[in-house]
Structures are given as structure tokens and as C-alpha cells.
Amino acid sequence: MKFFVLFLCLVQLWGCHSTPVVLGLEERNPACDDPETEAAALAGVDYLNQHVRWGYKHVLNQIDKVRVWPRRPSGEVYELEFDTLETTCHALDITPLANCSVRTVTQHAVEGDCDMHVLKQDGQFSVVFAKCESTPDSREDVRKVCPQCPLLTPVNNTKVVHAANAALAAFNAQNNGSHFELLEISRAQLVPLPVSTYVEFAVVATDCAAADGTDPACSGPPKKQYGFCKATVAEKLGGEEVSVTCTVFPTQPVAPLPQPDAASSANPPPAADPAVSPPSSPSVPVDSVALGPKRVLLPPPVHREHYNLRYSFPDVDSASGEAFGPRQKPKVTHPGVASGVGPVPPPPCPGRIRHFKI
């Protein structure tokens, strides 16, 4: 009897090994311009823009690499490398990304470089790992295209800080509504001719009227209405001329900032730039991940020409157990049977350039 039971076990074991290989359990290398690859990359760009706390929104420019891994028990993960370009829409602007203009080379463009892992499950995309950096175009390349165009200058430059404060004071003097205070200086350029300072900055409304802006109590939270200003402060004999235009965004309810795989986190309003914020304003807490080791989202450095995308994400992976680092492959069981005869040439990558390359 024992021999018969053992024989049945061996038969079942042999049957398991002789089962045909199930397709779809191996790594795939789709084309960078494949519609599904682009959909995964666009999901990554949306995730990026949801987490940008300073500076500007970004758009997809080019997909450099893609690998697709199966994920047990279901779904698959797109391992992506793609480039982005900075737009003229501020991170707090509610304008749809499709309506945002890409910053041109003559405006000193900024390029982003992202590594993301995007999970596709039940037809839905979600980001499980994200890492991005961004750099402005080189000064030499800008000069080749436009020798006289002004270049980016550090936002803590004394002329830049003065221009932002002077422009904000002029806006508050003309504004009959709420008093606004400086939230961040987003970018700046020193213009040689005519001698002037161009600055773009974000503002936030206080609970006081513009006429009462000098009252210390006017700095109290909550601050739910933001605006974005563009200003030029021209140097004149015996003084200066200030030109400023501000767009005030509709009041938005404070919503929780999404995290990969629905990991919960606190969501305070964007933190003010410590280099330009009023001394009396309270420090704003930054995001912290609720699960696992506590790691915070560090503010960008004070001396900078742009807001690097590296400060958009906390230094932590997804709270999901399926998340993995940028160079760590997910655990995959590869079949023991060859899937094809001979080496298969990789599909075309990188993909097309949607705007321009810098």
C-alpha cells in the first residue's frame, strides 16, 4: 500500500514538470514608442507632477529604456527611463498639463531624467518606485542659439530677492482683496539690456485684507489660495520701475498627497523657501512616510538656479512589499524551456523626441 501511495506521488510530480510552460512569465522588452509603454510613462509623469512641491510641472519628452517584468500573483511592472521638459506652468497651477507650454531653449530650458517602476494591474497603472533629477540646459548651448538671451541666476541673489519683494509689494498695493505673502522664488534671470531683473515667484493668501498686510496676525494659516507672479524690475536713474502680473488660482481644498500603492502620508501645504520667506512665518512640516523607516522630504538647497526634481520624492520605496529599488530586479520565476531560437534583437529604443533634446 505504501508503495502504491509513493507511486501516485511520483506520477503527480512528473505531471507537474511535464506541464507546458505558461506564457507571459518572462521579461518583455517592448518598443519605447509602443502605446502601452507610453501609457505607463505618462502615468509616471502624472505621478511626478502630483509630487512636485516647488518649481514647475513637467511633460514627457522621450522614453529611453523599458523592460517589463511579471509580478506575482498578478500584473506586470514597467521599468522605465524617460526624459521630461519643464513647462511654464507652476506646480500649484491648476491648468491641465496638456495646456501648459514647454519652456523654450531661449528661455533656458530645464530637462528632467526619471527612473520609475510602474505597475499595471487590472488595466490600471500605479507607480511603485520613482526617482528623478533635473538640470538646466548648459550655458554654452543657450549661447549658441541665442547669444544675448539672459541665463538662469540663483534665486537667492540679492537683486532677485529684492525684485521679488518689490514686485509683491506693488501687487499688494494694487490688490483690493487678500494680502499675499511670498511663498517661493521659482526662477530668475538678470537681463543685460535694458538692465533689469526678471523673476517668477509663487505667493499665498493670508487671512487679512491687502490694506492690513502689515498686521503680524496676517500670517496665520490656513493658506489655501495660491498665486503665481511674473515681474520685471528695471533699473532707472534715481530709482527703479516695477512691472508685475499675478495670476491667483481658485481656492482649493487641501487634499492628501498620493503615495505609491496608497501609502498614507501627511500633506501640509508647500513649504516656503527659507531663503525668501518672512522671518515671522512658521516652519512648515514636510511629508513623512507613515510606514517603515521614517524619512523626510528634504527642501531644495538655498543656492540654486532651479528646483531639482530630486527633491520631489522622499528617499523611500513604496510601502508595498512588491516595491523594489532602481537597480534591483523583482523576483521572477523564469521557465526552464527556451522561449525562442537564437538571440532576438532588441526593439527600437530610445523612442521619439516629442519636443526637443537638450
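Cβ atoms are placed via backbone N, Cα and C, with glycine included.
Feature annotations, reproduced from Swiss-Prot:
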- 1-18: signal peptide (SIGNAL)
- 27-133: domain 'Cystatin fetuin-A-type 1' (DOMAIN)
- Cys32-Cys349: disulfide bond (DISULFID)
- Cys89-Cys100: disulfide bond (DISULFID)
- Asn99: N-linked glycosylation site (CARBOHYD)
- Cys114-Cys132: disulfide bond (DISULFID)
- Ser134: phosphoserine (MOD_RES)
- Thr135: phosphothreonine (MOD_RES)
- Ser138: phosphoserine (MOD_RES)
- 144-254: domain 'Cystatin fetuin-A-type 2' (DOMAIN)
- Cys146-Cys149: disulfide bond (DISULFID)
- Asn156: N-linked glycosylation site (CARBOHYD)
- Asn176: N-linked glycosylation site (CARBOHYD)
- Cys208-Cys218: disulfide bond (DISULFID)
- Cys229-Cys246: disulfide bond (DISULFID)
- Ser318: phosphoserine (MOD_RES)
- Ser320: phosphoserine (MOD_RES)
Could you break down the residues of the domain 'Cystatin fetuin-A-type 2' (144-254) into DSSP helix, strand and coil, giving a count for each? 26 helix, 50 strand, 35 coil
Where Cys32 (disulfide bond) sits in the secondary structure, as DSSP reduces it to three classes: coil
Look at the recorded positions Asn99, Thr135, Ser138, Asn156, Asn176 and tell me which residue has the greatest number of other C-beta atoms within 10 angstroms of its C-beta. Asn156
Provide the number of Cβ atoms within 10 Å of the Cβ of Cys114 (disulfide bond), excluding the reference atom itself. 24
Any idea what the model's mean pLDDT is for the domain 'Cystatin fetuin-A-type 1' (27-133)? 96
Between Ser138 (phosphoserine) and Cys132 (disulfide bond), how far is it from one CA atom to the other, in Å? 19
Cβ-based isolation winner (fewest other Cβ atoms within 10 Å) among the disulfide-bonded residues Cys32, Cys89, Cys132, Cys149, Cys229: Cys149
Which three-state DSSP class does Ser138 (phosphoserine) fall into? coil
Other C-beta atoms within 10 angstroms of the C-beta of Cys146 (disulfide bond) total 14
Return the residues near Cys349 (disulfide bond), defined as same-chain residues 6+ apart in sequence whose C-beta is under 8 angstroms from its C-beta, sorted by sequence, else 'none'. Ala31, Cys32, Ile63, Asp64, Lys65, Val66
Run through the Cβ atoms and count how many others sit within 10 Å of the one on Cys100 (disulfide bond). 19
Quick note, Cys246 (disulfide bond): same-chain residues at least 6 apart with CB under 8 Å of its CB -> Phe171, Phe180, Val203, Gly227, Phe228, Cys229, Lys230
At the level of the C-alpha atoms, what whole-angstrom distance separates Cys146 (disulfide bond) and the residue listed as 'phosphothreonine'? 19
Can you grab the distance from Ser134 (phosphoserine) over to Cys208 (disulfide bond)? Cα atoms, rounded to a whole Å. 37
